[in-house]
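Here's the structure we're looking at; comments come further down.
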Amino acid sequence: MLSRAARSTSRTVVPALGSLASRQKHSLPDLPYDYGALEPHINAQIMQLHHSKHHATYVNNLNAIEEKYLEALEKGDITTQVALQPGLKFNGGGHINHSIFWTNLSPKGGGEPKGELLEAIKRDFGSFDKFKEKLTTVSVGIQGSGWGWLGFSKEQRRLQIAACFNQDPLQGTTGLIPLLGIDVWEHAYYLQYKNVRPDYLKAIWNVINWENVTERYMACKK
């Protein structure tokens, strides 16, 4: 079963119109490990600020915007609905992306995946090392803030690598189902790695939770 953090991403950013009035507010998911559990690769200070401040802000903003969106729907105020959509995308994407990110990491992570996921990586990228190099290169090359992703295309039945800017959610903007996301916003690494993003990306492979990524892959194949 996916963790609570992963399950919280299953709701759409904008609920179905009929359920808006009775919707439940989004909440900050608990981490499945302590803030210092990923050290020395990602230090406790970064994890605490990233989770309790940055992710929490996306959640709070998303809830506030959804309340305004509900009011606009009830009034038939299309202008306000349209004006709120960029905020829904940004804060909703931030909540979705981070909820996946926390479960993609583990103090027992690193190494290589096994089984069907590893075979799929070899099929679609040639080898695990080539996949790792490509995702790292894509993530390093993002200008400004964004995310590097390993996703699954249901149409092509293949793994794909993609970059998303800012907090754009992978599935909502590309159609790919997110399996593994690497946050390359500076708040994810600056306090430890300064502006040397490649060092952060080299380190993060030591804490990738391949069990979680595999679980996501097997679920989306069904």
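From the backbone N, Cα and C atoms, a Cβ is placed for every residue, glycine too.
Remember, TrEMBL labels are computer predictions, not curated facts.
Not measured: the values here are computed from a predicted model.
The domain 'Manganese/iron superoxide dismutase N-terminal' annotation in TrEMBL covers 25-106.
As annotated by TrEMBL, Mn(2+) binding site applies to His50, His98, Asp183, His187.
Mean pLDDT for the domain 'Manganese/iron superoxide dismutase C-terminal' (113-216) in the predicted structure: 98. Annotation comment: TrEMBL describes 113-216 as domain 'Manganese/iron superoxide dismutase C-terminal'.
Fewest other C-beta atoms within 10 Å: among the binding-site residues His50, His98, His187, that description fits His187. The record gives His50, His98, Asp183, His187 for Mn(2+). Within 8 Å of the mean position of their Cβ atoms, the other Cβ atoms in that chain belong to His51, His54, His55, Phe101, Trp185, Ala188.
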